[in-house]
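Colleague: Dumping the structure here so I can ask a few things about it.
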Amino acid sequence: TFLTPEENNHVTSLWGKVNVEKVGGEALGRLLVVYPWTQRFFESFGDLSSPDAIMGNPKVKAHGKKVLTAFSEGLHHLDNLKGTFAQLSELHCDKLHVDPQNFKLLGNVLVIVLAHHFGNDFSPQTQAAFQKVVTGVANALAHKYH
């Protein structure tokens, strides 16, 4: 794994407290609000007309949970992120044509949401460890683009 044992401990101890549904929905919602061009991939999700509409949209929340569930699975396979995310990379690259930069943006938004939810428990060391993880996941998801 690319994390030190200490970094891995920071990630796993915090992740055990994460509400995947709540954090996932908020992270995806914030991505769509902060980076509005990402909305074009979610036109079938209904009302994305305002920040309130996006944050309250049940399809955004459901897909956010799905995204974070996959991310959670990746945390169990940090030594093989490319393999773990190969099918999702293929789907997002070949079928959905998602700009791989969006994976990095979502990772950064996830770090912000975790900091927001956990406050003082989200130490600089924890942030650094999570930043490594979201970068690794983003790179794995972008793998099929190379």
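The backbone N, Cα and C atoms fix where each Cβ goes, glycine too.
Not my notes, these are from Swiss-Prot:
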- 2-146: domain 'Globin' (DOMAIN)
- Thr12: phosphothreonine (MOD_RES)
- Ser44: phosphoserine (MOD_RES)
- Lys59: N6-acetyllysine (MOD_RES)
- His63, His92: heme b binding site (BINDING)
- Lys82: N6-acetyllysine (MOD_RES)
- Cys93: S-nitrosocysteine (MOD_RES)
- Lys144: N6-acetyllysine (MOD_RES)
Colleague: If you count other Cβ atoms within 10 Å of each one's Cβ, which of the recorded positions Lys59, His63, Lys82 has the most?
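Modeller: Neighbour-count leader: His63.
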Colleague: When the Cα of the residue listed as 'phosphothreonine' is compared with the Cα of each of the recorded positions Lys59, His63, Lys82, which one is closest?
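Modeller: Of all the candidates listed, Lys82 is nearest in space.
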Colleague: Starting from each candidate's C-beta and looking 10 angstroms out, tell me which of the modified residues Thr12, Ser44 has the most other C-beta atoms.
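Modeller: Per the Cβ count, the most surrounded site is Thr12.
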Colleague: Out of Ser44, Lys59, His63, point to the one nearest Lys82 (N6-acetyllysine) in space (Cα versus Cα); all of them are recorded positions in the record.
Modeller: His63
Colleague: Across the domain 'Globin' (2-146), what is the average pLDDT of the model, as a whole number?
Modeller: 88
